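These notes concern the structure reproduced below.
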Amino acid sequence: MQKYTSEARQLLALAIPVILAQVAQTAMGFVDTVMAGGYSATDMAAVAIGTSIWLPAILFGHGLLLALTPVIAQLNGSGRRERIAHQVRQGFWLAGFVSVLVMIVLWNAGYIIRSMHNIDPALADKAVGYLRALLWGAPGYLFFQVARNQCEGLAKTKPGMVMGFLGLLVNIPVNYIFIYGHFGMPELGGIGCGVATAAVYWVMFIAMLSYIKHARSMRDIRNEKGFGKPDSVVMKRLIQLGLPIALALFFEVTLFAVVALLVSPLGIVDVAGHQIALNFSSLMFVLPMSLAAAVTIRVGYRLGQGSTLDAQTAARTGLGVGICMAVVTAIFTVTLRKHIALLYNDNPEVVALAAQLMLLAAVYQISDSIQVIGSGILRGYKDTRSIFFITFTAYWVLGLPSGYILALTDLVVDRMGPAGFWMGFIIGLTSAAVLMMLRMRYLQRQPSAIILQRAAR
């Protein structure tokens, strides 16, 4: 019991800064929306449309680079710290290549935006302008993620938290300058949010790089030999590990976007109620997602040390802590769901629907916690391909079709509307949780030599 208590303390010490960093990131998006809305409703809508395209594109790159964390954690655990700098250099090369692809996609996103049904031309132009300003921040964001993954792989999650809040503090005044045109800058409205956010990502990257350069604990792994050439072998391995994570993230983000599109014809009340419940459940998701990042670090580190039993302890402890958190947040959601809905909107019909959907959200929080922490465990074991197959099957083969059938058809029961899609979420997330646990159990039953051989690749 003592080993689990000790492991839980170490997991929480890693997870809490990640949670706070995510809060800062969410707050940046909130600030952009509010400040653009203060300029005009059209600018706020433009930022929202632009963000809906930016997120899938940049999260694909973000997911690809998540491969660095378990790689660095295992090198650190095995005492092969001299190899970390080379992995990080290749991470920067990979981030650079992916940045170019992301920038090309975002530059041409106008074709997608202008093809949207009945979109106002002025709104479309502002959304395109916002994305074309924001895309210059894509390299800064992805380079920052490489540096952050280096720190987190070395079990240092506080720097990412500090840089997150630094970014938030810089974002507010820079937004003000470019939205309203102060200090000789042009008045750009919502497009100014894109300029500000792009600048903030570069500030965060430079600040993180400065921290790494001066941190005594990383003195032995600093890059002292220049930037070096791309290493096709290392980059291929990072892509093999990272691509399934990137695709899983992409399919998860697009799933919720597709559901939002399917709900939109059902009416204003249904759309508003769905959006409130989804926004709140996304906030609750920060907790298990951050814990999953910590579990990846701990499992990877223990495997690097050559201890499959300690890796199992880290995995089980992460699941236990995650389930406890999910029970608490589920009780909180059920108890206060109407009060929470009232914080967003005071329309009685919207509040009633949002409260009903939040009840369903409370049901799936435990499954959601298990599946995301399970994903973190599998990342620690470098078993990322299974994450993609499980996520795709659970969300797109089971969750979305069943949600569609329940929400919009009479095949099983009378049409349930938005609640049907949320039942689909429950089916999809529960399926993912079960499959993740089965895969984890299968891996942990392998002989130690095979587990460690996979981890060392």
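Along the chain as shown, the residues are counted starting at 1.
Just so it is clear, glycine is given a Cβ too, placed from its N, Cα and C backbone atoms.
If you check Swiss-Prot, you get these features:
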type     : residues : note
TOPO_DOM : 1-10     : topological domain 'Cytoplasmic'
TOPO_DOM : 32-52    : topological domain 'Extracellular'
TOPO_DOM : 74-92    : topological domain 'Cytoplasmic'
TOPO_DOM : 114-126  : topological domain 'Extracellular'
TOPO_DOM : 148-159  : topological domain 'Cytoplasmic'
TOPO_DOM : 181-187  : topological domain 'Extracellular'
TOPO_DOM : 209-242  : topological domain 'Cytoplasmic'
TOPO_DOM : 264-275  : topological domain 'Extracellular'
TOPO_DOM : 297-313  : topological domain 'Cytoplasmic'
TOPO_DOM : 335-349  : topological domain 'Extracellular'
TOPO_DOM : 371-386  : topological domain 'Cytoplasmic'
TOPO_DOM : 408-417  : topological domain 'Extracellular'
TOPO_DOM : 439-457  : topological domain 'Cytoplasmic'
TRANSMEM : 11-31    : transmembrane segment
TRANSMEM : 53-73    : transmembrane segment
TRANSMEM : 93-113   : transmembrane segment
TRANSMEM : 127-147  : transmembrane segment
TRANSMEM : 160-180  : transmembrane segment
TRANSMEM : 188-208  : transmembrane segment
TRANSMEM : 243-263  : transmembrane segment
TRANSMEM : 276-296  : transmembrane segment
TRANSMEM : 314-334  : transmembrane segment
TRANSMEM : 350-370  : transmembrane segment
TRANSMEM : 387-407  : transmembrane segment
TRANSMEM : 418-438  : transmembrane segment
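Sequence-distant neighbours of the topological domain 'Extracellular' (32-52) (same chain, 6+ residues past either end, Cβ-Cβ under 8 Å): 109, 113, 116, 120, 122-123, 126-131, 134, 171-172, 175-176, 179-180, 189-191, 193-194, 196-197, 257. Counting Cβ pairs closer than 8 Å and at least 6 residues apart in sequence, the transmembrane segment (243-263) and the transmembrane segment (387-407) reach three or more and so form a contact. Residues 28, 32, 35-36, 39-40, 42-44, 46-47, 50, 126, 129-138, 140-141, 143-144, 147-148, 151, 159-160, 163-164, 166-167, 170-171, 174-175, 177-181 of the same chain, all 6+ positions outside the transmembrane segment (188-208), place their C-beta atoms under 8 angstroms from a C-beta of that stretch.
Ranked by Cβ pairs under 8 Å to the transmembrane segment (387-407), the stretches 11-31, 53-73, 160-180, 314-334, 418-438 are led by 418-438. Remark: the transmembrane segment (314-334) makes no contact with the transmembrane segment (160-180), by the rule of 3 or more CB pairs under 8 A. Between the transmembrane segment (11-31) and the stretches 53-73, 276-296, 418-438, Cβ pairs under 8 Å are most numerous for 276-296. Note: the topological domain 'Extracellular' (408-417) comprises 1 helix, 0 strand, 9 coil (DSSP; helix = H, G, I, strand = E, B).
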